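Peer 1: The structure follows.
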Amino acid sequence: MNILVCITHVPDTTSRIAFTNNNTEFDKTGVQFIIGPYDDYALARAVELKERHGGKITVLNVGEADADPTIRKALAIGADEAVRINAFPSDSFFVANQIAAVAKAGEYDLILMGRESIDFNGGMVHGMVGELLGLPSFSPVMQLEVEGDSAKLTREIEGGKEKLEVKLPFVAGCQEPIAEWKIPNMRGIMSARTKPLEVKDPVDNTAHAELSNYELPPAKGAVKMVDADNLDELVNLLKNEAKVI
Amino acid sequence: MSILVFIETEEGKIKKSSREAISFGAALGETTALALGSVSEEELATAGQNGAAKVLHVADDRLNAGLIQPYAEAIAAAMESTGAEVLVTAKSSLADAVVGRVAAKTGAGLVSNVVALPDTSNGFVVKRSIYTGKAFANVSVTTDKKILAIKKNAIDLKQDGGAAAVEALSVSLDDALFGAKITATEKAEGDVLLPEADIVVSGGRGLKGPENWGMIEDLAKTLGAATGCSKPVSDMDWRPHHEHVGQTGVKVSPSLYIAVGISGAIQHLAGVNSSKYIVVINKDEEAPFFKAADYGVVGDAFDVVPKLNEALKKAL
Ligand SMILES: Cc1cc2nc3c(=O)[nH]c(=O)nc-3n(C[C@H](O)[C@H](O)[C@H](O)COP(=O)(O)OP(=O)(O)OC[C@H]3O[C@@H](n4cnc5c(N)ncnc54)[C@H](O)[C@@H]3O)c2cc1C
Ligand SMILES: Nc1ncnc2c1ncn2[C@@H]1O[C@H](COP(=O)(O)O)[C@@H](O)[C@H]1O
């Protein structure tokens with residue numbers, strides 16, 4: 001089974017967010033980058049499916065050269081080869097076009113992504129790619145089992161979940177508890193160094209949106225502490241000051 | 001500008017977030033709402049209160065379940081037949097999965113997590129939430145057609161409109177679009193949906209075990225709130241996965257978020273930082289959550305929560 005896993009290279013979840021250059025660029029100073037947490041679930045499930053059914057895992061990132069260490073980490077976790085489309089991932093349609101081009105060129109039984117990226121949180125790329133390829137797309141997928149040419153999956157719906165049976169191939173945006181995040185072991189790290197990472201130019205430069213600038217939210221005021229023996233005061237504040245109850 | 005708003009229903013009622021999306025559309029221009037699957041005409045007519053001039057209803061029973069491909073096809077067809085320039089939808093797990101496809105079908109530029117009306121004084125610039133609520137980006141959409149997915153609770157509800165006219169719309173949906181077979185659906189019924197909720201009461205590992213959630217549920221009941229939890233709590237199966245709030249869970253943006261026995265790890269805060277007011281109850285005065293809170297109570301949850309519930313019952 002051939003699986004394509006699309007990964008983002010994003011600031012660690014604990015990062016302080018700041019901008020430079022007149023609020024037009026993300027400030028990378030001191031920021032640790034990671035595989036997007038949802039993409040990491042997708043990758044972990046791909047590794048499990050490969051263990052079970054055999055085949056090959058290709059990871060794909062649309063990004064600049066600073067994403068290479070993140071891609072190597074995905075190879076260390078268990079992907080067999082990697083492709084990086086060398087471009088700044090500015091717009092989700094642009095990214096989707098790149099992913100669709102790679103997917104068309106290969107024969108993939110499954111295209112796994114995260115439910116959303118944690119930088120722009122669009123949650124949109126999987127649907128776009130599905131449409132561009134004429135394949136079904138599902139998200140957020142919480143469970144995924146493959147049997148022959150079909151799959152059983154569980155999708156989260158608001159306030160619950162739904163089980164589906166579908167034919168391969170398709171696109172899935174993954175989230176927990178589809179698999180547990182995998183930590184690369186020493187052998188994985190060593191072998192990742194020599195696994196192929198192909199860098200390609202983008203196929204098409206169409207974008208649908210451009211960034212004007214970034215903004216930070218206004219700073220939060222100081223917390224008002226209320227004594228645990230005076231909860232009527234808390235109720236009063238919620239009712240008359242915040243006016244939320 | 002001509003606007004089409006895709007609306008979702010829950011147990012036969014238009015979702016609050018869809019009403020927000022209609023209000024958003026109505027502030028932009030002539031707004032038509034679009035509903036898929038069986039819903040009563042009376043209910044659909046109430047979209048007028050929020051500013052819809054008209055509601056188009058595709059009453060195809062095959063659309064009663066939220067299926068991604070047929071929904072995308074029907075929405076794209078309605079955009080085409082109404083000549084809509086802007087499609088507006090509430091951001092939801094269904095809409096997320098659907099509108100990417102609609103964008104790719106129609107060539108419309110898509111912006112998600114929109115928090116304010118676009119600035120059309122110079123092009124079409126939209127403000128969206130990014131980095132899980134830690135920042136905003138102003139994005140200029142360059143295509144003729146646009147799709148905006150609106151963040152929940154970011155837009156004031158318009159409620160002073162009249163009744164909307166409901167018209168049937170028929171779209172032809174190929175059987176091939178229905179290839180995915182739904183074999184089971186599990187849904188918590190009657191509860192307030194967490195992503196839609198105006199008040200959320202959440203519990204963390206400080207509550208020690210699932211058997212102690214009664215007091216959280218009681219407090220939520222008094223407030224008409226939804227219940228949420230931290231990630232370890234759903235990982236340990238104390239609570240269902242769909243209640244898990246944070247970076248890797250549900251992002252909530254209620255008027256009031258009450259966190260009980262949650263330390264306030266940055267990944268949890270990422271899911272709640274769009275809340276208007278935050279109350280933190282924690283026995284450790286050093287808990288990081290207090291820094292993100294508006295009101296704080298240092299104390300044992302097992303003592304504070306029941307007392308707070310009594311105080312609220314007295315006052316409400
Ligand atoms: C990539 C990544 C993504 C993550 N995503 C999420 C996410 O989406 N959501 C999320 O929640 N977490 C997430 N986490 C986990 C997060 O880092 C924290 O571990 C988690 O939020 C802690 O949960 P907690 O506050 O319930 O537990 P703890 O950190 O154990 O805190 C328990 C709190 O309860 C208090 N307490 C104990 N007893 C009482 C009592 N009797 N009365 C009152 N207070 C009491 C304690 O003082 C403490 O502050 C993520 C982590 C990673 C690495
Ligand atoms: N630049 C990128 N490179 C590779 N995959 C991506 C990229 N951006 C988004 N994706 C994939 O699409 C999913 C959804 O992203 P988004 O629509 O941006 O929230 C992510 O979880 C990734 O799997």
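Every residue, even glycine, has its Cβ placed from backbone N, Cα and C.
Annotation comment: TrEMBL describes B:ARG205, B:GLY261, B:ILE262, B:SER263, B:GLY264, B:ALA265, B:ILE266, B:GLN267, B:HIS268, B:ASN282 as FAD binding site. Here TrEMBL flags B:3-182 as domain 'Electron transfer flavoprotein alpha/beta-subunit N-terminal'.
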Peer 1: Just to verify: the residue among B:ARG205, B:HIS268 with the fewest other Cβ atoms within 10 Å, which of the binding-site residues is it?
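Peer 2: Checked B:ARG205, B:HIS268; of these binding-site residues, fewest Cβ neighbours within 10 Å: B:ARG205.
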Peer 1: Tell me, roughly as an integer, the mean pLDDT over the domain 'Electron transfer flavoprotein alpha/beta-subunit N-terminal' (B:3-182).
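Peer 2: Over the domain 'Electron transfer flavoprotein alpha/beta-subunit N-terminal' (B:3-182), the predicted model scores a mean pLDDT of 95.
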Peer 1: Taking the residues B:ARG205, B:GLY261, B:ILE262, B:SER263, B:GLY264, B:ALA265, B:ILE266, B:GLN267, B:HIS268, B:ASN282 listed for FAD, what is the greatest CA to CA distance in Å, to the nearest whole number?
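Peer 2: It comes out at 18 Å between the most distant Cα atoms.
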Peer 1: Long-range neighbours only, meaning 6 or more apart in sequence with Cβ under 8 Å: which ones does B:ILE266 (FAD binding site) have?
Peer 2: B:GLN247, B:PRO288
Peer 1: If you draw a 10 Å sphere on the Cβ of B:GLY264 (FAD binding site), how many other Cβ atoms land inside?
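Peer 2: Around B:GLY264 (FAD binding site), other Cβ atoms within 10 Å: 20.
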Peer 1: I want to verify one value. Collapsing DSSP to three states, which class is B:ARG205 (FAD binding site)?
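Peer 2: Going by the DSSP assignment, B:ARG205 (FAD binding site) falls within a helical segment, counted as helix.
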Peer 1: Please classify the secondary structure at B:ILE266 (FAD binding site) using three-state DSSP.
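Peer 2: In three-state terms, B:ILE266 (FAD binding site) counts as helix.
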Peer 1: Which ones in the same chain are close to B:ILE262 (FAD binding site), with CB under 8 Å and 6+ residues apart in sequence?
Peer 2: B:SER202, B:GLY203, B:GLY204, B:ARG205, B:GLY206, B:SER230, B:HIS268, B:VAL280, B:ASN282, B:PHE289
Peer 1: Report, in sequence order, every one of the binding-site residues (B:ILE262, B:ILE266, B:HIS268) having a CB within less than 8 angstroms of a CB belonging to chain A; if no such residue exists, report 'none'.
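Peer 2: Answer, by Cβ distance to chain A: B:ILE266.
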